[in-house]
Amino acid sequence: MDEKYSSNVISSGKLGRVEAPNARLTRYIVLLYFTKMLKAFGIFESYDILKVVHIVQFLFILKMGCAVILVFFQKPFSSGKMIPKRQWIKILKHAVISCIISLLGFFGLTLCGPLRSLLLFEHSDLVVISLLSVLFTSSGGGPSKTRGAAFFIIAVICLLLFDNDDLMAKMAEHPEGHHDSALTHALYTGIAFLGVADHKGGVVLLVLALCLKVAFNTASRKLSVEIGGAKRLYALSNLVSAVVLLPWVIVLSATTESKVESWSGLIFPFAMIIFSVMILDFYVESICMAKLETSRCARYGAIFLFLNGLLLANFWTHPLTGQIRAISTTGQQSSTEHVLSGGVLVSACFFIMADSILSAPSSKGQKGTLVGYSPEGTPLYNFMGDALQHTSQSLPRFIKDSLKQILEEYDSRQIFYFLCLNLAFTFVELFYGVWTNSLGLISDGFHMLFDCSALVLGLFAALMTRWKATRIYSYGYGRVEILSGFINGLFLMVIAFFVFVESVTRLVDPPNINTDMLTPVSVGGLIVNLVGICAFSHAHSHGASKGSCSGHDHGHSHHGHGHSSMEHSHGGHGHSHGGHGHSHGHGHSHSSGGMNANMRGVFLHVLADTLGSVGVIISTILIRQFGWLIADPICSLFISTLIFLSVIPLLKDACEVLLLRMPPQHEKELNFALEKIQKIEGVLSYRDPHFWRHSASVIAGTIHLQLMSDVVEQRVIQQVSAVLKDAGVNNLTIQLEKEAYFQHMSGLSSGFHEVLTMTQQMESMKYYKDGTCIM
């Protein structure tokens, strides 16, 4: 069979997107790199020119220069069909909106500087649309897209909060006299109304302009098709924009004083900006999108632009760079504002990662119908639909659904309320510590923040236990609460150990302690933790009956969903096996071994904090009244010992569950149940009984039963399921074995010793036809 018609097309990777050879793509990637480098240089040059040229005049020159070149080369009037009047009105609207977006972008450039403008405004439409779809739709593209959206938001936050821009220099350059037109005055007034600095207002303005630009480009696609192509629309729109701006420029030239000493010195800078920013970038990006994938073009373009922007920002004020751009200087001294900072570097890294993720194509697997097999035995599928993978929810919807699930159940609701209270106290403590410059308050606030991580772990575990079972996690996620309790217990043991070691060290050499703020902080922490103890003590004392219900008065009846076994006969062997008896919701109360380990771990964390607050209050009183500095390490020793001793039972119970130990509180009932099973009519013996606790509310078990050849299997399954259900097992699997089963196992070439053991066990039990067994 010819290779192209073989069944190995899928495995050989020959089915899918047809890609050009890498050597042919390299030239376009190199071209895109140099284009983005020139565009970054043009943006930096634009920032310098905007210091002396009014923003409206600057935009008019760019639009007019771009229109002249495009009309000459593109010939939008002679090529293509004639444009009717209705289309000219649409072009006029397109040009006006384009001018507004460009004005916002260039004004943001004057506020934030060239590098930050590149990072905020120069993103592909694909990236922004992917970001918005993650945030506001249910088809965001999976966890990777959500991660990319998070990186993008973090990058913007870094520019807002951690970018230490030279605000003092900006304030010195921004007196009221700088408002040389109504437009700039209105924009500055709007930013001042927000109550933020010009730099932060510029960040917000550029983000808004970016969203408007993407929406504008998306809406313009239909118009470009009607006009006769995007290039023709671009040429006509720039020409109309220049015509619209011309009266405004004439009025500004007549009413304002120009800061330009010589317009002839700006000819080359303007020509370079028009060529690199307005023309070259548009045409090269169109070519690369046609030759490369749109996602690859967007990803490479953003990375190249950001990296060149970082490079230029580092060397723009260097003397060598000044010599290179000496022909375009305007007589102004180079400014030192908008320099590189740690915040902008971190932001650039996050922007690069976000654009790389958000511009990547959504890889969706496909579900198909099995239509047959190839001669080699390879399955053949008919692909009809979308991916097997589930679409991820949008972030607001995910938060809303999670909060709804948290507030539905008692345990998670209690943890959530206490977490909110704890976080509120933590941030108040941190704020007051920063306000008063108290290192003790700040350190205690971060300690409380660490404690909140244990509550978050417990809350997440309580939420996961209600997730539905999947094909991979067929038992569900009930055991997550055990893992949460185990991890919280380990955290507490580590904390207790380090507190104990530090206390022993301080016993030898007690340090001086500043007790000024200890008492109010400890009293506040004690009040918060007492609320937590009251909230979690019920769960701590009631155990699994609390962990498996939603409220205090909810219980499970004995309706017991039973699934009878299916009898499988194989080729005349008469082999029957496997009984599944799932019965949910027994009415037995459990002792501490079956209690909710997750809630126990949370309770012990709160108890440890409470003991710590009590210890601090006692030691503070003793130090203030009697000067006993040794009281602090003694209280710490006592508290760490209590924490350690209280955690041991939790770790012991969690380890027993994780090691699949038979539940201790059910051990006697299970042994008695096995004796009753031995006496059921038709049961010869049993082997391999396994019983373990899966979670606080689920006890699982498996057992093999040897039966007489003429017994009714369903009756035996029903009786055995009832016996083990009374013993507390609510997830049961039964395998029935008759004489034909051993013959079948021998035919399948099972292990000799296994078959021999089972055969000897069967032969040792002789029984009459009436069912009387003789051992």
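Just so you know, the numbers here start at 1 and follow the chain as drawn.
Every residue, even glycine, has its Cβ placed from backbone N, Cα and C.
Feature annotations, courtesy of Swiss-Prot:
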- HIS447, ASP451, HIS605, ASP609: Zn(2+) binding site (BINDING)
- 571-589: compositional bias 'Basic residues' (COMPBIAS)
- 538-584: region 'His-rich loop' (REGION)
- 547-592: region 'Disordered' (REGION)
- 74-94: topological domain 'Cytoplasmic' (TOPO_DOM)
- 138-148: topological domain 'Cytoplasmic' (TOPO_DOM)
- 170-189: topological domain 'Lumenal' (TOPO_DOM)
- 254-263: topological domain 'Lumenal' (TOPO_DOM)
- 285-299: topological domain 'Cytoplasmic' (TOPO_DOM)
- 321-338: topological domain 'Lumenal' (TOPO_DOM)
- 360-414: topological domain 'Cytoplasmic' (TOPO_DOM)
- 436-444: topological domain 'Lumenal' (TOPO_DOM)
- 466-479: topological domain 'Cytoplasmic' (TOPO_DOM)
- 538-602: topological domain 'Cytoplasmic' (TOPO_DOM)
- 624-627: topological domain 'Lumenal' (TOPO_DOM)
- 649-775: topological domain 'Cytoplasmic' (TOPO_DOM)
- 29-49: transmembrane segment (TRANSMEM)
- 95-115: transmembrane segment (TRANSMEM)
- 117-137: transmembrane segment (TRANSMEM)
- 149-169: transmembrane segment (TRANSMEM)
- 190-210: transmembrane segment (TRANSMEM)
- 233-253: transmembrane segment (TRANSMEM)
- 300-320: transmembrane segment (TRANSMEM)
- 339-359: transmembrane segment (TRANSMEM)
- 415-435: transmembrane segment (TRANSMEM)
- 445-465: transmembrane segment (TRANSMEM)
- 480-500: transmembrane segment (TRANSMEM)
- 517-537: transmembrane segment (TRANSMEM)
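Below 8 A, the CB atoms of the transmembrane segment (517-537) and the transmembrane segment (117-137) form no more than two pairs separated by six or more positions in the chain, fewer than 3 in all.
For the topological domain 'Cytoplasmic' (466-479), the number of residues in each DSSP class (helix H, G, I; strand E, B; coil) is 0 helix, 0 strand, 14 coil. In summary, the transmembrane segment (300-320) does not lie against the transmembrane segment (445-465): fewer than three C-beta pairs, each 6 or more positions apart in sequence, are under 8 Å.
In the predicted structure, the topological domain 'Lumenal' (254-263) carries a mean pLDDT of 82. Ranking the binding-site residues HIS447, HIS605 by the number of CB atoms within 10 A of their own CB puts HIS605 at the top. Residues 454, 457-458, 460-462, 464-465, 547, 596-602, 604-605, 608, 636-637, 639-641, 643-644, 647, 650-651, 654-655, 657-658, 695-696 of the same chain lie 6 or more positions beyond the ends of the transmembrane segment (480-500) yet place their CB under 8 Å from a CB of it.
Across the topological domain 'Cytoplasmic' (74-94), DSSP assigns 11 helix, 0 strand, 10 coil.
Listed in chain order, the residues near the Zn(2+) site other than HIS447, ASP451, HIS605, ASP609 are MET448, PHE450, CYS452, ALA454, VAL606, ALA608, GLY612, each with its Cβ within 8 Å of the site Cβ centroid.
DSSP classifies HIS447 (Zn(2+) binding site) as helix under the three-state reduction. Within the chain carrying the topological domain 'Cytoplasmic' (74-94), a Cβ under 8 angstroms from the stretch's Cβ atoms is held by residues 220, 223, 226-229, 231-233, 235-237, 239-240, 244, all 6 or more beyond its ends. Here the topological domain 'Cytoplasmic' (466-479) has Cβ contacts under 8 Å with residues 405, 409, 657-658, 694-698, 700 of the same chain, all six or more residues outside its ends. For the recorded site, HIS605 (Zn(2+) binding site), the DSSP three-state label reads helix.
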